[in-house]
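A.B. asks: Starting off with a structure, shown below.
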Amino acid sequence: MANDLDFADNRTVLIALVIEVFLYGIYIPLLFVCLWIMISREDAPNWKLIAPLIAMSMISTTHVAVSLYLFIQHFLNLDQQSPATVVAFGLYDALNLIGDGIVIYRCYVICDSRLRVVTLPVMFLLAGTSGGICSTVSFGFGYNSFSALTERLGLASRSLSLVLNATCTGLITHRIWSRTRMVFPIIGPRRAAKCYAVLMIAVESAALYTVAMAVLIGVYAGRALNVAQVPFQVNIQIVCIVPTLMPCRYLTGPRTVHRPYLRKTIMDVEQACSAQVPSLLCDTSSEVDHGVVALRAHQ
């Protein structure tokens, strides 16, 4: 049965490789900046996030090498049913698993470390990963992405990943927005704007992945055989870039999101609450600090 690359001409495969290498060149500097931020911060480094990011970088580098090998293989019209194809999709499954896991961890931390909040996303992760693994294993039996069973499994896996990210981003958005809005009369518009800036950073990083995954799903669902390789290889590096964006955006963004300013905002809220505001509102307002946790989860 035909391999995925058999549906694409040499020019399309070359374009896919060039774009992936270009995005990889963007990703590596972002990764080093991200790691520098996470390791050099005043608090102890969060190895729960540093270790997955390092693992993703190694997998990403390996995938670039495998993509180069597959291009040479395709260009020279060598045997297309090589293990390299299975390896390429297996690496993608691993990256997706780690990337989605980071998103769930971020949501878990921001939502007060409550397991019931992330129960549904975890189920999406398990189901999507299982579908992706089954889809990848089918390549070892001579199938390709557009075979009936493999196509359904692949689309289901990617759709679940998209839903997972949308769900977690929605939970994060609701958490920060609702808490900030509740204490808005106390902290005022200037302080609230700083918390909303943190929210925007989280949404920006999620939007990039959502668009890339939606395009990939659309191409495979539309059975655009000749161009499918391009969004697939683009998405490989996007999955790696997204987790590094928040710390980098935090460092290079406007001064309104600098951590000292956010801490002062929280202190002002706590002082106001301790003076005159009912205890219920005090408890709620103190949770504005979870806006900062969005940054902490990526440091």
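Using N, Cα and C of the backbone, Cβ positions are placed for all residues, glycine too.
Keep in mind it's a predicted model, so treat the numbers as computed, not measured.
Annotation comment: TrEMBL describes 12-37, 49-72, 84-105, 117-143, 155-174, 195-220, 232-252 as transmembrane segment.
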A.B. asks: Using a Cβ cut-off under 8 Å, which residues of the same chain at least 6 positions beyond either end of the transmembrane segment (232-252) come close to it?
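C.D. replies: Result: 16-17, 19-20, 23-24, 26-27, 30-31, 33-34, 37-38, 49, 52-53, 56-57, 60, 63, 67, 91-92, 95-96, 99, 102, 201-202, 204-206, 208-209, 212-213, 215-216, 294-295, 298-299.
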A.B. asks: Below 8 angstroms Cβ to Cβ, which residues of this chain, lying six or more residues outside the transmembrane segment (117-143), approach it?
C.D. replies: 1, 81, 83, 85-86, 89-90, 92-93, 96-97, 100-101, 103-104, 107-108, 111, 149-150, 153-154, 156-161, 163-164, 167-168, 171
A.B. asks: Can you tell me which parts of the same chain pack against the transmembrane segment (12-37), counting only residues 6+ beyond its ends and a CB-CB cutoff under 8 A?
C.D. replies: 5, 50, 53-54, 57, 60-61, 63-64, 67-68, 70-71, 74-75, 226-227, 229-230, 232-234, 236-238, 240-241, 243-245, 247-248, 250-251, 298-299
A.B. asks: When each of 49-72, 84-105, 195-220 is checked against the transmembrane segment (155-174) for Cβ pairs under 8 Å, which one has the most?
C.D. replies: 195-220
A.B. asks: Which bits of the chain, at least 6 residues beyond where the transmembrane segment (49-72) starts or stops, bring a Cβ under 8 A of a Cβ in it?
C.D. replies: 5, 13-14, 16-17, 20-21, 24, 27-28, 31, 34-35, 38-39, 84-85, 87-88, 91-92, 94-95, 98-99, 101-102, 105, 233, 236-237, 239-240, 243-244, 297-299
